[in-house]
Amino acid sequence: MGFCLALTWTFLVGSWTSMGAQKPISWEVQRFDGWYNNLMEHKWGSKGSRLQRLVPASYADGVYQPLGEPHLPNPRDLSNAAMRGPAGQASLRNRTVLGVFFGYHVLSDLVSVETPGCPAEFLNIRIPPGDPVFDPNGRGDVVLPFQRSRWDPESGQSPSNPRDLTNAVTGWLDGSAIYGSSHSWSDALRSFSGGQLASGPDPAFPRNAQPPLLMWSAPDPASGQRGPGGLYAFGAERGNRDPFLQALGLLWFRYHNLCAQRLARQHPHWGDEELFQHARKRVIATYQNIALYEWLPSFLQQAPVKYAGYNPFLDPSISPEFLVASEQFFSTMVPPGIYMRNASCHFQEVINRNSSISRALRVCNSYWSRKHPNLRRAEDVDALLLGMASQIAEREDHVVVEDVLDFWPGSLKFSRTDHVAGCLQRGRDLGLPSYTKARAALGLPPITRWQDINPALSQNNHTVLEATAALYNQDLSQLELLPGGLLESHGDPGPLFSAIVLNQFVRLRDGDRYWFENTRNGLFSEEEIAEIRNTSLRDVLVAVTNMNPSTLQPNVFFWHMGDPCPQPRQLSTQGLPACAPSTMQDYFEGSGFGFGVTIGTLCCFPLVSLLSAWIVARLRKKNFKKLQGQDRKSVMSEKLVGGMEALEWQGHKEPCRPVLVHLQPGQICVVDGRLSVLRTIQLRPPQQVNLILSGNRGRRALLLKIPKEYDLVLLFNLEEERQVLVENLRGALKESGLKFQEWELREQELMRTAVTRQQRSHLLETFFRHLFSQVLDIDQADAGTLPLDSSQKVQEALTCELSRAEFAESLGLKPQDMFVESMFSLADKDGNGYLSFREFLDILVVFMKGSPEEKSRLMFRMYDFDGNGLISKDEFIRMLRSFIEISNNCLSKAQLTEVVESMFRESGFQDKEELTWEDFHFMLRDHDSELRFTQLCVRGVEVPEVIKDLCRRASYISQEKICPSPRVSARCPHSNTEVEWTPQRLQCPVDTDPPQEIRRRFGKKVTSFQPLLFTEAQREKFQRSRRHQTLQQFKRFIENYRRHIGCVAVFYAITGGLFLERAYYYAFGAHHMGITDTTRVGIILSRGTAASISFMFSYILLTMCRNLITFLRETFLNRYVPFDAAVDFHRLIASTAIVLTVLHSAGHVVNVYLFSISPLSVLSCLFPGLFHNDGSEFPQKYYWWFFQTVPGLTGVMLLLVLAIMYVFASHHFRRHSFRGFWLTHHLYILLYVLLIIHGSFGLIQLPRFHIFFLVPALIYVGDKLVSLSRKKVEISVVKAELLPSGVTHLQFQRPQGFEYKSGQWVQIACLALGTTEYHPFTLTSAPHEDTLSLHIRAAGPWTTRLREIYSPPTGDGCAKYPKLYLDGPFGEGHQEWHKFEVSVLVGGGIGVTPFASILKDLVFKSSVSCQVFCKKIYFIWVTRTQRQFEWLADIIREVEENDCQDLVSVHIYITQLAEKFDLRTTMLYICERHFQKVLNRSLFTGLRSITHFGRPPFEPFFKSLQEVHPQVRKIGVFSCGPPGMTKNVEKACQLINRQDRTHFSHHYENF
């Protein structure tokens, strides 16, 4: 009988294919996305259309803010009170479980609002403390996340246009759950072969979910499995939520392919598209018929009205009331478990996750399961469908089983959630009306009492209504639609739900132009419609499973007594496996260490770059030494080779150093690994030497204690090594005739007993304090106390004697200097090789308190080498040579002889070969004042401040004279107190004639008296209040740098404005993006700094457009823009950009962390082009953001590039390795490439970098092209001259049209050293000269190799010299020297080169009577020794010869000499002044310029200029050299500018 029924059904299904659709596609194919179903309202029912309300929205603000606590009950409290109850209550209508899940399937075909909206908004559900499921520990802070659904962005604007949610699927019964809601989705499901849907390895199953399908792949809450693996490709995005929905999806999948196969057999000439569309049309029609005419009546217990035809004016859109009503009513009928049975009515046992056996599938453990062990074959799916058809559903009431109430799949970090509470929140999100308003809107009788909602429930279980009423404060008008509709249900949906559902389905049918019963759409004929009406879900099941129809009841949505295969019993939670508990995921779990390492690595970029720069600098320095031949070892005697190796212990906190110990006749020599002498210990009798050996710790320590020396402590590797030295030492001591004692101590006691070098230094410091307290009458308390640790140390301090080395070190000289030897021999009266306290005191008294006669007698005795009471000319020459040693000056013997002869001749002793003391003292008669100031310069002893000030003035413009009065008073310039000094200590500032010293060196007569150096008026000006001084200093600072301040203010105002604009936008104006809700501080900081960085890195290019700057500085713009400060501005911008880059990176570190802990639903809103919310929730790990995204990877690379560029561009490394700076700074090309890529990805906002970058980049490229057109022209070198001190003078051709000004600089590249490495040098030629010249000092590897290359050629002619590339000229601030009536040029070190051109240019212009505004130039040359720049001396000599109008005043300062008036400096000063007076030239430089010893005190000099040039209101000061010097000049200018007098405008450049 069953077999006959199956054959009959097959005939019926096959008959419509042969009778009907015989032609290819001849009808209007229905779109997959639902558009154009209604030809007047095209969007009705389409995917993404609004939900259509039946009742006006109910929001807290009338627009979009949902109602919630405290106005409405807590959702969890409400679900516990109204929906909790026991499971196992059978349906009163005997509805089957298959009908319940078919309803879910229909619902998924009609509506989907689960997709979260953007920006992410949350209505989190607060869990009451102590909740047994979600808060068993009673923490009280558990919150179940609930994200609001996607809404129409055009809604939610006003109360008349409240927020409306959008439908993510089509709002038609068009099989979108089978075929998808878009054409692309459908294409991904199709096989494009035979009109079938694509299947996997098993034809009964579709292919697995894979791109481009974006199936919802939420994690399995029971097992934690994630990913798309094991999920099937369905038309419904959430078709894999549980095996029961999967089974229905598989049913329709197989039914479609079955229809396509039969059509293919009937019409073999049809193609894939024809077969697919015919099969789809028939499946949809069957689906519509079953849903509306079979399932809906079983659900509502009432049939819809008869179909009256298509109504184009009826809006079929899904209502939010229908969504909540149907979904929530289905949830009350879901049982805790689902049976499986076969065709012979055998109910199977199922395998659980833990491999246990149970009678049914537990619903709570089946959500989002992958590769379910009970559903691996088509027969398993059939068994599940048959089991659902035979199983009675739960009762249709208010009770929801725990599988849905407590263990529904959770979202975000929670694996479980409360489905009912979620639906309540969804209703509030939808703005659903109250229960009473909904009834009134649908025309239902009003309810006024809680008991009237459900009289049966009120009688049987009144506590539910009472608890619900209590939660709503007994206010029935506040009762929400969802709980009210459930509470009125009993066996069937209540009147409210029934009305809502029936209304929706009638509108869906009557408003659908493609409804299968609509004969006007041309889809089906009357006969085909009749056949479809006669097809039921039972027929579909029989056709797909190929089973005997008798195994199924006629209506599979009900099971009545007598139907086949009754269920064993109504399932309850008993006997079923327990639900897997709720868990909370930590998205950042396992990432903390790696994240920290990554951030640490990024922070180490500067350190790595610093280490690399240090290595490069060391290598360059080493190579440089090799080039200079300075890397060879110290030249030592042969006898030093082969000493004993040991480690010298220097103290408890000092590191040990490896040494070699050499025993030599009469001394012990300690050297380092390079054979440089570290220490020499003299062995002279009758010294008592103590040799102490350690007796523990391997017996490897040795202490050699020698009187009047600090101890020598040596450590050896082995005792045998120590023993060898001990034996040799004993022999050496015996040979020297010294007594020695030897004993052992523990190593700790040995080191405690040892006197270290540091302890000896403290002892000597106290020695000197008490020594000078005897001479200078210092209070003993201020002199310090002797150590009182032990009587032995007190005795050592009192008997302390200085060795020759300590004596030399105290004077700051070398022990082998002739001055030290002479002085030490004179002071060492007992000849024991040491100076005692009394011996040092005797000679110190003469220096500190002696008369000029006593001092000159002392000097006479020092240099009377043969002790005959006479100084010969040879001894006088040796004395003079000892003075000159300290300046490293090597005058020839002839020059020294000339000096001595001139001094003898000046004093009338030209006929004498030897001098008595009286003759010697008479020779020094003109320098009595210098001798009065002569002291012994000892480190740590300062000269009184007043004397120092007067002495500084003595070196400048004044010529001091001795005060005639026996006692005068001097007023300190910084105070109002007067200090009295004796005539021997003070030079009188009153009788002063400043101009004489300036004019005299030029041999010109002084014609007028110049103002005094310090006047009373000046003193009053200086003694004004500190507030006035500060105000005046600020005023002058503003006046000096007004252009700089203006430009910097404008630039940083723009930068700050850009930062604030972006920061404000993301703080207050980017709510629609939602990113500030996720990372507020991080995004504000990163985007604000990004805007500023984009502006800075773009416009920093303009500061390097040298050609443009050189051109613009000649225009009127130079009055407003300080173009000469372009390089400083470049550094300022770069430094600020680096700081902002660090802040930008810090902001993104915060962003990455927050993105790494934000769920995918949030990230998909923030980055829709990067992420798709597929329900997996887990975000990408931190390393994905850093290294697998374009902005992240380019950002990391940018940090590395910037770290390299910044470190190598620092002043220190640029000075040590210019090539490293040159090469690394060319990474700017990579920098801008990465910046463009980094900013063009548009991860957060649209690219904006090009807005700032385009214009500066074009200007910069144009400027570079101009330089390129110049720098590739080969320039011939006319002359190359190797000057002393490593200076190379290059003279080369002047290119045609090459115009420049004095003080400008160029860049050159030597073709022999590479055509890409350019180095900047200042032109030392004057603009009027026909050739260009440079003076290049060999200060680095490149300049050293340049010097080697331009060594004198073997042949003749300049063709032998390598050619140059030239780029320039470029301007600097020194060009403005001619704009001041009086200019001061201060050059230090290599910084003097810009002034060579200026001096020559000035003299030339004055010689040709050219009108020059500048009337006077003071040139101050500061150098360690004049030998460093002999070439500049030649230029100065040329200037002096051509300076006929006395325009230039030159002062040379040699800083290597001591600044204090000690004996040797005094004698050197006397000889220098004598040489200058006799020959009108300096002893050191050979120039008429005044040579000073020490550093220039700029402040007194500038004060004197105010007196010398009182009519000049503004003096220009131009300094170039080391930063320390330029800072001192700047400080002096600031101090002078505090006074309301002459204004000093300072311009500087550091080298």
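Even glycines carry a Cβ here, placed using N, Cα and C.
Of the residues Asn342, Asn1480, Swiss-Prot records the annotation N-linked glycosylation site for Asn342. In this chain, the transmembrane segment (1081-1101) lies in contact with the transmembrane segment (1249-1269); the count of Cβ pairs under 8 Å, excluding pairs fewer than 6 apart in sequence, is at least 3. For the domain 'FAD-binding FR-type' (1270-1376), the model's average pLDDT works out to 78. Note on the domain 'FAD-binding FR-type' (1270-1376): DSSP counts are 21 helix, 41 strand, 45 coil. Outside the transmembrane segment (1152-1172) by six or more residues, the chain places 116-120, 147, 214, 411-413, 587-588, 591, 595, 1073-1075, 1078-1079, 1082, 1178-1182, 1185-1186, 1189, 1192, 1242-1244 with a CB less than 8 A from a CB of the stretch. Long-range contacts of the transmembrane segment (597-617) within the same chain: residues 1145, 1149, 1182-1183, 1186, 1196, 1199-1200, 1203-1204, 1206-1208, 1210, 1212-1213, 1216-1217, 1220, each at least 6 residues beyond the stretch ends and with a Cβ under 8 Å from a Cβ of the stretch. When Cβ-Cβ distances below 8 Å are used as the criterion, the region 'Disordered' (197-222) is approached by residues 184-185, 188-191, 228-234, 237-241, 250, 253-254, 256-257, 353, 364-370, 377-378, 381, 407, 409-411, 415-416, 579-580, 582-583, 1172, 1174-1178 of the same chain, each at least six residues removed from its ends.
Sequence-distant neighbours of the transmembrane segment (1189-1209) (same chain, 6+ residues past either end, Cβ-Cβ under 8 Å): 602, 605-606, 608-610, 612-613, 616, 1134, 1138, 1141, 1145, 1148, 1152, 1170, 1217, 1220-1221, 1224-1225, 1227-1228, 1230-1231, 1234-1235, 1237-1238, 1241, 1243. Other C-beta atoms found within 10 angstroms of the C-beta of Tyr834 (Ca(2+) 1 binding site) number 21, with every protein chain shown included.
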